[in-house]
Amino acid sequence: MKNYNLSDNINRSNILTEESNHLSKNIDTVSTSKLVDIFVEEDKKPQQAISQAKHQITKSIDLIYQRLIDNGRLFYIGAGTSGRIAVLDAVECPPTFCTSPELVQAVIAGGSSSLINSSEEKEDSNSLSIKDLKERNFSSKDCLIGITAGGTTPYVLSGLNYARNIGALNIAITSVPEQQASFGSNITIRLITGPEIIAGSTRLKAGTATKMALNIISSGVMIKLGKVFDNKMIDVSISNKKLFDRALRITSSLLNIEMKEAQLLLDQAKGSIKVACIIKSSGMDQKSAFALLERNNHNLRKALKDINIEF
């Protein structure tokens, strides 16, 4: 334990995520079945919190989308569990949507080592987050989502302040009400899940709600960017056998063709489902199909409409 001084302590007992949950009082004395019942009941609250924050989540998707089509990027920033949840979402974007690793990035206090080793003390730094963002050339064109369940994390708060000061879109995600934490951000998404089953352990309900929110935000933005057609991930990066199979099935399904023809088309299209669909639907060659996509911001539906093909 480091030498902390009581005189420097901030009493967080009034913060919602630090309060004691009366439903889990004496949880260490109940049966395993009762323990699980408590978790099952309490884990309904993240979904309710997401529903209540629908307006803010919707607005976030629209504003982030506008930034990204203007060559901006999306950053998440967090410490501890919040940072790890951010990484979970960001690293899935390249394989799912074939994005550059630069487009959606997670910045976690303590860096990559914090993914497997706790470095909670890093969250107390007011300067480290600014340094981390500057190292990634974070600019006014970009977006920053700062995640702090209790609303007090210096690493995240200073990052949000920096984003605001340089004119970047800044969005806060927290699990406490406004009277307990006010951020001055463009948008604040308040996921009010209440006191945790284990008091203060925000990896539980607050963490679950945060992951749900990030799922919706990143997926929503990618859908608007044309990374999904119908409900299929047509920009999937074919990087393993499972994803090769998925690409085959998507191509086969969209074009109503056999798997063998789907593979031939994907080979011709250099692995791009979008290009394969244009080649098959229009008779274009690979180069012309790709050029058509580029003219339509890589949006397959718009590209097909551009050549009067209804899909």
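For all residues, glycine too, the Cβ spot is worked out from N, Cα and C.
Listed in Swiss-Prot:
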DOMAIN    64-227  domain 'SIS'
ACT_SITE  Glu92  active site, proton donor
ACT_SITE  Glu123  active site
Which same-chain residues, if any, lie at least 6 apart from Glu123 (active site) yet have Cβ under 8 Å of it: Ala79, Gly80, Ala109, Thr153, Pro154, Tyr155, Val156
Nonlocal residues around Glu92 (active site, proton donor), in sequence order (Cβ under 8 Å, 6 or more apart): Ser218
The residue listed as 'active site, proton donor' in three-state DSSP notation: helix
